[in-house]
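Here the structure is laid out as structure tokens; the discussion comes afterwards.
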Amino acid sequence: MNSTLSHLLPEVINIARASGQLILDIYEKGDFEEFTKSDDTPVTSADLAAHKLIMEKLSQLTPDIPVLSEEDADIALEQRKKWDRYWLVDPLDGTQEFIARSGDFATIIALVENNRPVMGVVYGPVSGVTYYAYEGKGAWKIPDMDESIRISTLKHEDEKQPIAIAISRRQDINNITRCMSPEWNYDLVPLGSAALKACLVAEGAVDCYLRLGPTGEWDTAATQCIVQEAGGRILSTELEPLSYNERESLENPNFIVLGDENLPWNKILTCK
């Protein structure tokens with residue numbers, strides 16, 4: 001990562017926390033509006049308030065670096081491809097969980113350079129936990145305003161031990177099991193928020209997170225940096241790297257977050 005930008009990380013963490021606190025205040029009061037976007041996905045006044053705060057704070061912090069947010073993503077590739085560096089943001093990852101009051105939602109901020117995430121921050125407002133990383137400096141967790149703890153992925157050394165898979169609470173479990181070889185045993189761990197599930201892999205709480213269904217590049221950029229710095233990978237279900245800002249569409253393919261690359265994922269994963 002460009003050393004002139006590494007000093008920005010503490011301020012980016014503060015921005016994510018400020019956004020998360022704003023979301024938490026709205027969540028605790030239960031006073032928010034719900035809307036439906038053009039793609040039939042939900043958005044709330046909390047998403048929009050967090051988006052506004054992050055856009056303002058990042059623009060003040062780095063006026064020359066563009067910001068691409070899920071809530072303002074209608075920017076053509078013709079313009080985006082001119083960006084060597086940009087912020088990629090999901091102000092409220094897990095909007096459905098926010099509405100359902102499960103507590104499993106997060107604020108996500110990533111810095112992407114030359115189509116590669118080099119900084120990632122994920123903040124869970126309800127737990128108060130922050131995950132962060134920057135390229136070449138490891139992955140870290142701050143449990144509820146405590147000291148930073150370095151995190152790493154789980155090494156699956158016993159083949160008889162079940163593979164722990166984080167899945168969405170709203171995911172059809174049959175779709176997941178159809179994608180996994182019956183020759184292995186599995187423990188399914190339901191959780192909301194794509195980012196929080198990926199961070200479970202990064203800190204070694206589960207072996208992998210399989211995502212089938214639509215997500216955007218803003219859902220994975222920050223956690224790709226965090227997971228890679230923790231020793232894992234985020235790949236498509238074809239076991240190919242995800243791309244950023246290289247296509248008109250910002251939608252991700254189905255993907256899997258891997259903790260231990262030494263496992264035979266090409267045999268375990270059957271839904272290629």
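Every residue, even glycine, has its Cβ placed from backbone N, Cα and C.
Bear in mind that TrEMBL entries carry predicted annotations, made automatically and left uncurated.
Look at TrEMBL and you will find E70, L92, D93, G94, T95, D219 tagged as substrate binding site. Using a 10 Å Cβ-Cβ cutoff, G94 (substrate binding site) registers 27 neighbours.
Residues or ranges marked as Mg(2+) 1 binding site by TrEMBL: E70, D90, L92, D219. Long-range Cβ neighbours of E70 (substrate binding site) (same chain, at least 6 residues apart, Cβ-Cβ under 8 Å): D47, H51, V89, D90, P91, G216, W218.
Annotation for D219 (substrate binding site): spatial neighbours D90, D93, I108, A194, A195, N252, criterion Cβ-Cβ under 8 Å with sequence separation of six or more. The Mg(2+) 2 binding site annotation in TrEMBL covers D90, D93, D219.
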For this session: Would you list the other residues of this chain near Mg(2+) 1 - those whose C-beta lies within 8 angstroms of the C-beta centroid of E70, D90, L92, D219 - in sequence order?
Result: D47, S69, E71, V89, P91, D93, T95, I108, G216, W218
Seminar exercise, completed: Around the recorded Mg(2+) 2 site (D90, D93, D219), other residues with Cβ within 8 Å of the Cβ centre, ordered by sequence, are E70, L92, G94, A106, I108, S193, A194, A195, T215, G216, W218, T220
Seminar exercise, completed: Ordered by sequence, the long-range same-chain Cβ contacts of L92 (substrate binding site) under 8 Å (at least 6 apart) are I23, T44, A46, D47, A50, F98, F105, A106, T107
Seminar exercise, completed: If you rank the binding-site residues D90, D93 by how many other Cβ atoms lie within 10 Å of their Cβ, the lowest count goes to D93
